[in-house]
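Remarks on the structure that follows.
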Amino acid sequence: MQTSNYGSLPTSRSAVVLGNDERLRIERHLPLPALRPNEVLVQVKAVAINPCDYKMHQRFPCPGAVDGCDFAGVIVGVGPEVLKFGLGDRVCGAVHGSNPLRPESGSFTDYMTSESEFTLKIPAGLSFEQAVGMGVTGIGTLGMALFRTLQLPGSLDRPATKPRTVLVHGGSSSVGTMAIQLLRLLGHVPIATCSPKNFALARRFGAEEVFDYNSPDCAAAIKAYTKNTLSYILDPFTDAKSVDLCYKAMGRAGGRYCCLEMYPEYVLQRKSIKVGFVMGPLLLGHRLALSQGYERDEDPEMRAFGVEWYKDVQKMLDRGLLKRHPIKLLGDSFEALIEGVEMLQRKEVSGEKLVVALDSEQSKPVLTK
């Protein structure tokens, strides 16, 4: 690891981990994570909270594993194979939290490691809270969803010449507003569903039309608007209600349906609809030691795609092409972090991204080389 004249790293860290009772708790005096050759060590300044931050440890409990995915902070250590980052760089990214194969890898901590290939430089003018509010976990997942599962044409530098209409179910969620923006940048026409109170939010991020997903006539209204030709749907929820709505909204010829949760088997009954499932950690290409259909073997091809997608994401950040979802700052402590996870679990959050700054949990950065 690189060293410098700025002092030495602390000998321990604090983190939010899963306890033996399968509840999140704060653990102090944990060892710093080992830094692999392609990784950077980050002093975490802010984290964002995602639904996966409770779903992962609920479904695949691993006592002692550090929770959390999204992070923003300052690089205080650099592995020998890392060329594009240096000490003191402001960065953001996403890791696989609650990871049974690498339980130390989550972001809900004051010091963490991140693979350099999946780490982004924060542009000047963006605070740590604003950067983490972009939701890199969601951006990574959407790269797989739009290109690998929906197989949409177009790219950042060469938008599609024949725009496709794409339904984003839950368009006012943080994943939804980012999906809408990415679809616009790729040259497509996003339409969305959400509750009426968030119609303006979805439109502000670029939705062409918005439909009330609580209305019994929602699917019929979408079919009428698309003239029964809709053939691309992104569904972050993938529960019984959303599956029913999305299937009814799909055009008569069928199409591609991308789920961000594991889908029920009955969705495969309509042969004209090609169903696919993606989840954030898949982008890293590592083996997923999970269960219930979420397990995956190592995937070098997906990793190669992910590396290229992150290069595009860096370009979008540098060019100021992405707007962050509205954020709600919860505080500056690990206690606030646990409360935020519980708020999401209780479904108390709508139209906002929960963010926690961690400045009160740590001293000023110390850089080592």
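Heads up, the Cβ atoms here are built off N, Cα and C, so glycines get one too.
As given in Swiss-Prot:
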BINDING   Cys52, Asp53, Tyr54, Lys55, Ser195, Pro196, Lys197, Asn198, Tyr213, Leu260, Glu261, Val349, Ser350  NADP(+) binding site
BINDING   Thr137, Gly138, Ile139, Gly140, Thr141, Leu142, Gly143, Met144, Gly280, Pro281, Leu282, Leu283, Leu284  substrate binding site
Residue, out of the binding-site residues Ile139, Leu282, Leu284, whose Cβ gathers the largest set of other Cβ atoms within 10 Å: Ile139
Candidate with sparsest Cβ neighbourhood (10 Å radius) among Thr137, Thr141, Ser195, Ser350, the listed binding-site residues: Ser350
Cα-to-Cα gap, Gly280 (substrate binding site) vs Tyr54 (NADP(+) binding site), nearest whole Å: 14
Residue pair Cys52 (NADP(+) binding site), Thr137 (substrate binding site) - Cα distance, angstrom, rounded: 10
Three-state secondary structure, which DSSP defines for Tyr213 (NADP(+) binding site): coil
Closest of Ser195, Lys197, Tyr213, Glu261, Ser350 to Ile139 (substrate binding site), Cα positions, binding-site residues only: Glu261
Collapsed DSSP category at Lys197 (NADP(+) binding site): helix
Closest of Tyr54, Tyr213, Ser350 to Thr141 (substrate binding site), Cα positions, binding-site residues only: Tyr54
By Cα-Cα distance, the member of binding-site residues Tyr54, Ser195, Lys197, Ser350 nearest Thr137 (substrate binding site): Tyr54
Where Gly143 (substrate binding site) falls in three-state DSSP terms: helix
Site of maximum Cβ density within 10 Å, from binding-site residues Tyr54, Gly143, Gly280: Gly280
Cβ within 8 Å of the mean position of the Cβ atoms of Thr137, Gly138, Ile139, Gly140, Thr141, Leu142, Gly143, Met144, Gly280, Pro281, Leu282, Leu283, Leu284: remaining residues of the chain near substrate: Ala94, Val278, Met279, Gly306
Inter-residue C-alpha distance, Lys197 (NADP(+) binding site) and Gly143 (substrate binding site) (nearest angstrom): 28
